[in-house]
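Reading through the structure tokens given below for one structure.
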Amino acid sequence: MLFLWLYMFYSCAGSCAGLATRASPAPPRAAPPLPSAAGEPGDEESNPEEQRAPPDAASPISSFFNGSGTKRLPQAIIIGVKKGGTRALLEFLRVHPDVRAVGAEPHFFDRNYERGLAWYRDLMPRTLEGQITMEKTPSYFVTKEAPARISSMSKGTKLIVVVRDPVTRAISDYTQTLSKKPDIPTFESLTFK
């Protein structure tokens with residue numbers, strides 16, 4: 001996991017440095033001429049092109065923060081497994097400027113499928129051309145209908161599965177459940193049923 005984090009960090013650092021060197025600074029704007037009193041020399045009609053400075057071309061970043069971009073269906077989905085490090089993976093990927101992801105798990109393909117693709121697309125973040133839209137819902141891994149539903153949405157969607165040692169994953173899952181429901185049976189009694 002540490003290697004993945006370092007790889008993502010250095011990839012992002014390289015991409016961000018590349019953006020800084022590619023970005024060209026805005027041309028300096030001339031100061032607006034001071035108004036002259038009527039009848040003074042220099043009162044002649046000035047060139048309209050000199051009065052209007054051309055607007056700066058919007059950079060992709062400024063366009064993004066101004067609300068442009070498109071809500072797209074995800075090109076990649078982290079589908080599992082529960083307590084396997086899916087949140088950590090998503091957060092590492094979100095560091096990259098070309099990855100945009102939904103914060104909360106949408107549970108579209110397991111709990112909210114009847115709401116339709118328009119509802120699902122509306123949950124997605126706005127992305128610019130070249131950015132990847134992602135989401136994460138680990139329970140898709142154990143939902144029988146999820147693979148066919150994802151495939152019917154888009155056959156090109158990449159599915160990412162995070163795996164973890166099953167024993168430590170089960171202990172982690174149990175302790176999380178125990179914190180929410182303190183009256184559940186002991187781990188040992190559930191394990192050796």
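Cβ from N, Cα, C; glycine included.
Note that TrEMBL annotation is computational and uncurated.
Features as listed in TrEMBL:
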- Lys83: active site, for sulfotransferase activity (ACT_SITE)
- Lys83, Gly84, Gly85, Thr86, Arg87, Arg164, Ser172: 3'-phosphoadenylyl sulfate binding site (BINDING)
- 25-35: compositional bias 'Pro residues' (COMPBIAS)
- 74-181: domain 'Sulfotransferase' (DOMAIN)
- 22-67: region 'Disordered' (REGION)
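Most other Cβ atoms within 10 A: among the recorded positions Lys83, Arg87, Arg164, that distinction falls to Lys83. Listed in sequence order, the residues of the same chain lying 6 or more apart from Gly84 (3'-phosphoadenylyl sulfate binding site) and placing their CB within less than 8 Å of its CB are Pro138, Val162, Val163, Arg164, Arg169. Other than the site residues Lys83, Gly84, Gly85, Thr86, Arg87, Arg164, Ser172, same-chain residues with C-beta atoms no more than 8 angstroms from the centre of those residues' C-beta atoms, the 3'-phosphoadenylyl sulfate site, are Val81, Lys82, Ala88, Pro138, Val162, Arg169. Within 10 Å of its Cβ, the residue among the binding-site residues Thr86, Ser172 with the fewest other Cβ atoms is Ser172. Geometry remark: Ser172 (3'-phosphoadenylyl sulfate binding site) versus Lys83 (active site, for sulfotransferase activity), CA distance 6 Å. With DSSP states grouped into helix (H, G, I), strand (E, B) and coil, the domain 'Sulfotransferase' (74-181) comes out at 47 helix, 19 strand, 42 coil. Other C-beta atoms found within 10 angstroms of the C-beta of Gly85 (3'-phosphoadenylyl sulfate binding site) number 18, with every protein chain shown included.
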